[in-house]
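Heads up: the structure comes next, in structure tokens.
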Amino acid sequence: MLYLVGLGLSDETDITVKGLEVVKKAERVYLEAYTSILLVDQATLESYYGRSIVVADREMVESDSDEILRDADKVDVAFCVVGDPFGATTHTDLVLRARELGIQVRTVPNASIMSGIGAAGLQLYNFGQTVSMVFFLDNWRPASFYDRIKENRSIGLHTLVLLDIKVKEQSLENMARGRKIYEPPRYMTVGTCAQQMLEIEQEKQEGVYGPESLAIGCARVGGKTEKFVSGTLKELCDADDLLGPPLHSLILLGRRTHELEHDFVREFAIDKENWDRIWKADYCGKQ
């Protein structure tokens, strides 16, 4: 059987009791290591789980899934995913491949950023579509997130923005030459995300958001050093030192923000007076 095991958001202790039982008895244990990362290393996981772990990078999961699924019709295989197993479409694809091979699949869910983000003080049912922000290149500045944010904002909902991570990525030159040389890991920060969002708004000029739109920078959600900083998008462009190390994500507030949400989020505002001024002018009582 193939087990998809959620590991939670932070460290080795976030795995559920059921998930740990599966990992301990499985014939092989894989760790998906490119859609997100835990805040501890592989050796720490192996020590806590009492098992050796095979790190499954993007190439293995997307191009060599047969190895992951090998003999899973006869033995138990654990495929461990940071957060919840179905936080990325890649894992849905793996399940479909297993079904085609007649392999039974079971899921052990866990907390993900989609639920953990409630720690920022916003009500989860006031969130709209979640979007992703990738690192811009000189000749590639995808802006599909903009229309999704526009739809969310039109009905007053918050938007969770998930930030890009680059793990075991090749440069275009090395990829073209077929060289297995990988770039150092990169993790997008809230500052970079806020700056890129403002650049796209400057290009679009549709007024979906702007420098004074209220937002929350989130760091290491679910971890012992979890940190939230609220302010305008302009203020968050310079908030990386306040937030600290990765992983980061960002929330753009919707105008349907409840007063209780405001009171909670205001406590970690960069400039409380400025926050109050914008809240009263553009958010309080707005739909």
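Even glycines carry a Cβ here, placed using N, Cα and C.
Residues annotated as S-adenosyl-L-methionine binding site in TrEMBL: L9, D84, G87, S112, I113, L163, V221, H248. For L9 (S-adenosyl-L-methionine binding site), the same-chain residues 6+ apart in sequence whose C-beta sits under 8 angstroms from its C-beta are L38, V82, G83, A111, S112, I113, G116, V221, G222, G223.
What TrEMBL records for 1-236 is domain 'Tetrapyrrole methylase'.
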Largest tally of Cβ atoms lying within 10 Å of a Cβ, found at which of the binding-site residues I113, V221: V221
